[in-house]
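Have a look at the structure below before the remarks.
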């Protein structure tokens, strides 16, 4: 063997010994996909370590906050407080002086020199007793949704198979509170700015009919009734009813998964689900009845009811979408967004744990597979295993 051959043999043997001693040495050539996965894994572990250090440091600096923070986050105290602040602001707007418009009237000319004024028939209706008084509105708007949630979460599971959802009652109460706070805020704010007359304004303010009206003088004898008669737009009953009843309807639709793509298409179950659909829409029917009743008792115009219903419905949609997933997805219907987030994080954690398990080393280059991959089809037909 010549000198060059001996030198080449020594280099080959030393490379082989180094590979056997450390087969996973970073100096050896690796599969680019395997190297990329290891780099991503190292980066993720580094970010996780940094995050844990930051959390530990924050806990050591503020120990009291570290103890209260889980309690506040678990019960969503800050979000309940923000809704309460919004409701208090709405009550503050109720104390502001209502915008006083000139009292409308109809000018009637008797002759060239003599003019008389008559009352506007649009606001000269008789004041009737309320079909839905305030106590009944609060009972239906607050008591009915809470009772329904308690029945669904704590009573029905004892008799039939019902999904058990963590923190469902907490998130439902938060959605209901936020919806009512938003609706009350916008309703009272708009009422005092517009100052629209109710259909029974003259009867509410106890108009003095014994005096001939000159079209300018205010002949109201009841200041409290006059203030109430100037708060027609929008309807508070309509906004409150839709803010609470629409939340309840969306909640029932989500829990029943009636609007999901993966629902059953069988005949019997289809009829049952159709019946459940009408039951879920019952709160909307109740909200419509409460709103329309305000026209029957001459407390609101039709436009007032429409505006109040829109305010309540929009408030309910915002509050429900803030706390719950879409009612049109099988995996998100009826689930609070926090529960959906926890499930996704648990799935990512399980996936990361599976990726962190050690895997057997496999060669990154297979000459047989690479040869077959790059050969033409005509050559592969006549190829024998012994040729490889």
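Keep in mind that glycine also has a Cβ here, set from the backbone N, Cα and C atoms.
The transmembrane segment annotation in TrEMBL covers 77-96 (among others).
For 134-160 (among others), the entry in TrEMBL reads transmembrane segment. When Cβ-Cβ distances below 8 Å are used as the criterion, the transmembrane segment (134-160) is approached by residues 168-169, 172-173, 176, 180, 237, 240-241, 243-245, 247-248, 251-252, 255, 283, 286, 290 of the same chain, each at least six residues removed from its ends.
The transmembrane segment annotation in TrEMBL covers 172-190 (among others).
Positions annotated as domain 'Phosphatidic acid phosphatase type 2/haloperoxidase' by TrEMBL: 172-320. Helix, strand and coil counts from DSSP across the domain 'Phosphatidic acid phosphatase type 2/haloperoxidase' (172-320) read 103 helix, 2 strand, 44 coil.
Counting residues 6+ beyond its ends, the transmembrane segment (236-254) has Cβ neighbours under 8 Å at 132, 137, 140-142, 144-145, 148-149, 172, 175-176, 179-180, 182-184, 186-188, 191, 277, 279-284, 286-287, 290-291, 293-294, 299-300, 304-305, 307-309, 311-313, 315-317, 319-320, 324-325, 327, 333-335 in the same chain. Annotated transmembrane segment per TrEMBL: 236-254 (among others), in sequence order.
The feature transmembrane segment is assigned by TrEMBL to 275-293 (among others).
Panel annotation: around the transmembrane segment (305-324), residues 171-172, 174-176, 178-180, 182-183, 186-187, 190, 233-244, 246-247, 250-251, 254, 287-288, 291-292, 294-295, 334-337 of the same chain, lying at least six beyond its termini, place a Cβ under 8 Å from a Cβ of the stretch. According to TrEMBL, the transmembrane segment annotation covers 305-324 (among others).
For the transmembrane segment (275-293), the residues of the chain that approach it from at least six positions outside its boundaries are 130-132, 137, 140, 144-145, 235, 237-238, 241-242, 244-246, 248-249, 252-253, 256, 258, 305, 308-309, 312, judged by C-beta separation under 8 angstroms.
The average pLDDT the prediction assigns to the domain 'Phosphatidic acid phosphatase type 2/haloperoxidase' (172-320) is 93.
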